[in-house]
Amino acid sequence: MKKQVLFVCLGNICRSPAAEGVFLHLLEQSQACDRFVVDSAGTGGWHVGKAADARMRAAASRRGIQLPSRARQLERADLNRFDHILTMDASNLLQVQALAGKAGGSSLARIEPLLRYCSRFDVSEVPDPYYGGAEGFEHVLDLLEDACSGLLQALDD
Ligand code: 4NP
């Protein structure tokens, strides 16, 4: 059975598509693509259908990472479709947990903050880079590369 992993942020145009791309890149490097299904979604629906933010795509591309996703909004069915849901910040975590609560607490997915899997950084949230400068996007990628590497080690046993 493939492991199903969903990354969640607010808009699904910056942090979670970047996490998806970083994780896919690591899977390719370790020839583990066939063992995982990877996706991302946003708790908000403003950007549905859009490609990832151009600044995020450019920063990722400089590291050899492509971001293929199109924004979509998280839906209740995701809570049972995925084994693992990784959130970017405390607000996303609360939103996903609230959706799970509405579903009668029956969700199958394990819901947790992605940065729990960091080993080089001691921070709990991926800051939203949307309204900031270029360095914010680099910092997001630094955090995601660290956390996604830890996540892959934890899941690919
Ligand atoms: P993301 O960033 O949650 O990392 O995709 C955001 C992008 C856009 C908005 C919020 C967050 N927005 O409100 O438009």
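Just so you know, glycine gets a Cβ as well, placed from its N, Cα and C.
A TrEMBL annotation is a machine prediction, not a hand-curated record.
Feature annotations, reproduced from TrEMBL:
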- Cys9: active site, nucleophile (ACT_SITE)
- Arg15: active site (ACT_SITE)
- Asp128: active site, proton donor (ACT_SITE)
- 3-154: domain 'Phosphotyrosine protein phosphatase I' (DOMAIN)
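A strand conformation is recorded for Cys9 (active site, nucleophile) in the three-state DSSP classification. Neighbour counts were taken as the number of other C-beta atoms within 10 angstroms of each residue's C-beta; across the active-site residues Cys9, Arg15, Asp128, the minimum falls on Asp128. Confidence in the domain 'Phosphotyrosine protein phosphatase I' (3-154), given as mean pLDDT, stands at 96. Of the recorded residues, Arg15 (active site) and the residue listed as 'active site, proton donor' place their C-alpha atoms 7 Å from one another.
Here Cys9 (active site, nucleophile) is positioned 9 angstrom away from Asp128 (active site, proton donor), judged by their C-alpha atoms.
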